[in-house]
Every structure is written in structure tokens, then in C-alpha cells.
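For reference, the structure discussed in these notes is given below.
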Amino acid sequence: MVERRISADEQIGCFMVGVKTSSCQINTLRRCLAPACLPCYNTSMTQTIQRLRLPLAVCLLLALYAGWLLWGSTDPWERYWLGNLSILIGGATAAATAGWLSTVVQSEARQGFRFLGLGLGIWALNDLLRMIVLAVVPGFLSRPNVCDVLYLPGALLVATGLVRFPRPLPSSGSRLRRWLDVTLTSLASLTLMYLLAVQPRLNAPPAGGNPLGILYPLADLALLLLVVNLLLISDARRPSLPFGWLTAALVVFALTDLLYATALFSGNYQIGAATDLGWAVGDALWLAVLLRTPFAIRVLNPTEVRPQPGGGWLQGGLVRLQSLLPILAVLVLGWFALLDWQLTDQFNQPVLGVTVLLVLGLIARQGLVTGEVEFEQYAGLVKSVAEPAFICDENGRLTLVNPALAIATGYSEADLTSRTLADLLPEPPGAYSWLDLAKIEQEGEGRGWSGETVLLRSSGERLPVFLSLRPVLSSSAKRLTIAGTAHDLSLQKRQQAALQAAYERIAADRAELERLNRELERRVAEKTADLSQAYQQLEAQNRMLRELDRLKSDFVSLVSHELRAPLTNIKSGIELLMYGTRPLSGRSSQILTLVQAEIERLTHFVETILDLSALDAGKLPLYPAPLPVSRIYTALQNQIAHLPDASRVRWSLPEDCPAVLADEQALTSVLFHLLDNAFKYAPQGEIEVSAGAENGRLWLRVRDHGSGLPADALPHLFEQFYRHDSQDNRAIYGHGLGLYIVRRLVEAMQGEVRAENHPQGGACFTCWLPLVEMNESEGSLQEEGSET
């Protein structure tokens, strides 16, 4: 186990001397040393074991070394070599660790580790020199030697390293109180050191040994006193050094060196004695000190969760110890003086004088603490204020600032206290006529100056503030002090700028709207004039078209009237020829029958044109009256009886079919046109004519069993002159007026007509007409029956 420890320490030492290590080696060393960075706040058992691996190994080696010291071989050479090598390797490991850390930590802590490495290295060199000289001169330690003196430069370098570590100042308490605590503690500690270490040696009779051995414990006690003073002037909530480990290391070294000095003074020191265990334990504690500094933890174990400033019972206890340490030091000195007086029956007057002086210093300190408590309440109030606040002297130099001012300006509080108020203003002091502190002093404490200005930030930005300056006169020295507060106007200025920008945008939008309104009015006027002109043109064209339509209607009516008389005469002559007493030949009868059919078709066309002209001119008289549907059926049957397709018509009429309110001639014409359309487009199959009542209206339906109506033709069937295919077979005679006449006549009788395809095939035309009121229908029918 001893050989393994030596090998591991030598390997680590190779990393920490002047050899340039690679990043992979540094990571390997970090993983080896990170478990020593206690405490670790992970509850995992595996991580806990890994964290305690190095401390457990060190403790095991110390236990083996202690066992060897107590129960090992008593051979002088074994004691000599193993004892000296153990001490040398421990000191060299601590020195090499400090040297390596000085190359990897932050720059502000490198000098501290560098001086610690030099001091610990000189101590290790002292151990090496002692081992070498003792091998040559066995009685070398029994008289004053260079090793006794060489220990002091090492202690001085260690002290320099401890002082060079950056440390935050306490957040509370004045400098006077801190230095008073340092003075009281140092004076009490020096007196105790004199009583414990120096006075017994001065009073002891000469023993023929080495009197310079006392330098070892004195150097250790001086370092311990330095550590105590560093604790007093540092912020215990954010310690830059592990004061607990450091105190333990120095106490162990001091006790061990005190025993070593006593053995040297008496001349009976033996290498490999039990007292050597203290140096090994001290070196292990120094290694813990180096690895437990916050700077080393950030490098070796960056994921370790550090307690917040002021959190944890250790930091709380350290803060309380910091405030009670001067009192404890004086109490311990007084207790030791009383104990020495009782044991020796002699009162040490110098110690009594020092104790009384320290008690008076404690009384003054308590008065200072009481004043500081009251002052800290006001200081806490100022520091907790969110508004920047400051105090400056009559020259404008800032003497006190709160954190809000440091945050607002971007400077640290130390930088601000080295500047003047004029340095925070973006213009030269002469540009500010209000910055006249003497004038503010004359105006009195209640006046001062207030107004808007800007503060210059460290980045060069300008911070708008409302600055208030008030004079504060000291009642004792009549010295002018200016208290100032600055209210940040950044938010107000941003809101003001936003409002101004919004107002400007609104003004611009309003101007644009006014321009657009004027443009719109101009365009509306132009469009109105154009529309008026177009309307007048359309009105003139409409009058012209109406006139042309009237002329067309008159012309058509005139032509139709002129055609009606000749057609009637021709029809009458043909009938006389056909039905006269003189028989006709078959060929002549066939020709006359064809001519008669054409005359009938032409007559029907002329009648249709006359009806259409009358409808367009509003001169077609319609006389809606209660009308039985059976009468319409009878008239229509007589009208188509001579047609060859009359036999295909099937008439259906319910017995209780009510009367319809319609014009008899118009309704007969409607059904005739629908039947004529069915005859033309459904030359085969039965044609159904049916009637019925539904929802207070009468419906008349004409359905054929033909091919049906094309879907794209349904919306246009009732338009004038519309035919689905104008290029269809001209054998289907028509002009696209029949269904148009149907729609016009039905609408004139307050009805409607619809065309659709029947689900079982064929076209279906349905007319809806109003029914006759019951009383009116009965009276009309009775009157008709009496006439009959």
C-alpha cells in the first residue's frame, strides 16, 4: 500500500510540475481529484463513493502510516527512510498541486496558488535537505542549522499567497470596526502566543539542544493569526478560502511543530516518531485546502452545486464566529491570565495591562457596533431603494452610492466613489448652470435643485433622469454634503416617444385620409357626371328602343291583322272545295288537306304573334273568373279532336276538383301550347293531362313519355325564341314562342309554371293557379247552372 501511494503521488506530481500537460491528461487528473472537492450534494450512492474515493484513500494511507509509526519495525534505517520519505512526499504533493492549480484557475487567483506552491515547495525542500544532511551528519538537528531558518521564507511565501487571493469585503460594518477587530484579535493572539510558546522557553533552563526550533511553531501561529485576520476582513458569506480546512491544517502544524521544537530543545528528537504523523496529517489537510478553494472547485468539479451566499449552517456559523472572534480572543486571554495567576500565585502585570487595554477596546468596539447597527438601518434603507441615490461633497465627488446607481450607470460602486457628479454628465461641467453646489448651499436644506437631465452610462449611453439635489449640512464641521436622487425616466421617455410617434402617425394618416377624401370626392364627382351622362344616353336609347319596340309591335300587329283576313278567306274556300257537292279526286283531296293543315298552322302562328304583341303592349284583356276544370278539358278536347295525336292524350280529373280562378281562353291556350309541345317532342307514347289541389292552389300537369328535357335547357325553356338546339331537325316545327306564351299567360293569372323531368321518364310541365273562394265559387256555378 505504501509503494502504491508513493507511485500515485509521484504520478500526480508529474502533472503538477513544469511539464506542459495535454487536455486529455488534465481531464484525467480532474476526474481523479474532483471527488476530493467536498461537500457534494448528490444523494446517489455511486456518486457518493466516487466522491469519497480520494479522501478515503488518503485516510487509509494515514492510518497505515500511523500503524507503522506505533507498531512498525524499530530498525533505525527503516524509520529514517520511511519517515522522511512520507513527510517529503506529502509536502511535495501539496506543493505540486498548488503549482498545477496556478496554471488552470482564473487569472485573479493564479498568483495566490503560485505563492502557496512556492512556500509549500520550500517546506518540502527543507524536508529533503534535512533528510540528506541527517544521512551524513546524524547530530545535525541538535544545534541551530540552515533548516531552521529556511522554514521562515516558506512561511512568508505561504502568507503572501493567502493574502494575494481575491476576497470580497464584508457587506456590513465599517472599516474602522474591521481594523479594530483585527487589532484586538491580533493583540490578544500575540499575547497568548507569548504566554504559550515564548515565555515557557525563556523561563526554562538551558538543555543543550537547538533553541531555534521555536521558529517552527511561531511561524505556524503567525500564519494562523493571519488566517484569523483574513477572516475578519473578508465577507464570511462568500469566503474565498476554506477557512475551516486552513485553520485545521495550521493548528495541526503548530501543535506538531511545538512538539518538534520541544524535542529539539531537549535534544531527544527521533526520526520516525509518533509526532511525525502530525506533519503527514497537516500535508493532507493542506491538499484539502488547495482542492476546496472555490477557484479549484470551478475547475475540478464545475457541476458541483455551491451553497448560496449566506446559506447553510456552516456559513451561518462562520458569520457568527467572525463577529464573536475578538470577544472570544479577549475572553480566552483573560481566562488564561487568571488561570496562570491561580497556578503560580504571581500576577503577570504586562499581561494584565494588555488584558485591561483589550477590554477597553472591546467596550469601544461594542459602542461602535451599536452605532453601526443604527447606521446600517439607514444604509439598508438607501441600498434597498430602487431609485439611484448618492452623496457627494462640496466638490461634487461621490462619497456614497447605492447599488441602484451602480446598476443604472453600469459602473461598480468602487468606480463611482472615485468619480465626481460632473463625470456622469455627458457635457462639460460648465454647460450645466444648475450644477452650482455653493448656490445650493445658500438656498438652504429645504430648497436644492430638481430637474430633468441625463446620466452618462459606462457604455456611452445616455440615461434620462429626474435629478434632485438637496444640501445636508453637518452640525459639527459645517461641511457641505449634497444628497441626490435620480428617478429613471427611460420608461416615460419611451412612452412619450411612442405617443409622439403615434400622434405623428395619426396626423400623417389624417392628412392622407383628407387627401384621399378629396381625391375620392373628385373621382365621385367625375363618376357621377359620367353616370349621369351614361344614364341620359341610356334613357334616350331606352326611349328609342321602346319606340322601336312599339313600332315593331304595331308592325307585327298590323301584319298579323292583314294576314288574318286572307287566311280566313283561304281557309273558307278550301273547306268549300273539300266539302262541296262535287267530289274530288284522291290526289286533289290530299293536296287540299295538306294546304288546310298549313293554313291552320299559319293561322295558329298569327294568333300567337297577336297574343304576344297584345301581352307586350298590355292590351290583352284577361278576365279571371271561377272556372271548372272540366270545362277547360271539354273545350280543349274539341279543339284537338281533328289532330291525329288526340288519341294519345289521357285525361285525368278528380271528382272533387275545385274551381280555379282563371281566364277561360287564356287557360285553354296554355294547355293547348303544352299539348302541342308534347306532340312535337314526344311523338310516341301516352300524354297525361291531370289536375289537383294542394296548399290552397290548383295544379294542372301535362306529362309525356318522351326522352325528357336536357339539364342545361331547364333554366331557359320559358325564354322567348329559345330552342335547345337551333340546328335540330326542322321536321319539328316551332319558333320558341309556345312556352314563352305559357309563362306569360300563367303569370298574368297570378300563377307559376315549372318544367322538370319525371322520375319515371319524360318531360313534366306543371302550372299552379289560385283557387276560388268557396262562396264565390258556389255562387258563380249556380248562376252558370241557371243560365244553362
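Cβ atoms here come from the backbone N, Cα and C positions, even for glycine.
Features as listed in TrEMBL:
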type     : residues : note
TRANSMEM : 54-74    : transmembrane segment
TRANSMEM : 80-101   : transmembrane segment
TRANSMEM : 113-137  : transmembrane segment
TRANSMEM : 149-167  : transmembrane segment
TRANSMEM : 179-202  : transmembrane segment
TRANSMEM : 214-233  : transmembrane segment
TRANSMEM : 245-265  : transmembrane segment
TRANSMEM : 318-338  : transmembrane segment
TRANSMEM : 350-368  : transmembrane segment
DOMAIN   : 374-425  : domain 'PAS'
DOMAIN   : 449-501  : domain 'PAC'
COILED   : 496-551  : coiled coil
DOMAIN   : 558-773  : domain 'Histidine kinase'
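Beyond its flanks by at least six residues, the transmembrane segment (245-265) meets 141-142, 162, 197, 201, 204, 207, 209-217, 219-221, 223-224, 227, 273, 275, 278-279, 281-282, 285-286, 288-289, 292 of its own chain at Cβ-Cβ distances under 8 Å. Nonlocal intrachain contacts for the transmembrane segment (149-167), taken as residues 6+ away from its ends with a CB within less than 8 angstroms of a stretch CB, comprise 98, 108-109, 111-123, 125-126, 129, 212, 215-216, 219-220, 222-223, 226-227, 230, 233-235, 239-241, 246, 293.
Taken as a whole, the domain 'PAC' (449-501) shows an average pLDDT of 81 in this prediction.
Outside the transmembrane segment (318-338), and at least 6 residues removed from its termini, the chain residues within Cβ reach (under 8 Å) are 180-181, 184-185, 188-189, 191-192, 195, 228, 231-232, 236-237, 239, 243-244, 310, 348, 351-352, 354-355, 358-359, 361-362, 365. Residues of the domain 'PAC' (449-501) grouped by DSSP class, helix first, strand second and coil last, total 12 helix, 29 strand, 12 coil.
Distant neighbours of the transmembrane segment (214-233): 148-149, 151-152, 155, 158-159, 162-163, 167, 169-170, 178-179, 181-182, 185-186, 189-190, 193, 197-198, 201, 239, 241, 243, 246-247, 250-251, 253-254, 257-258, 260-261, 265, 318, 321-322, 325-326; these residues of the same chain sit at least 6 beyond its ends, with a Cβ under 8 Å from one of its Cβ atoms.
Sorting the domain 'PAS' (374-425) by DSSP state (H, G, I as helix; E, B as strand; all else coil) yields 27 helix, 11 strand, 14 coil.
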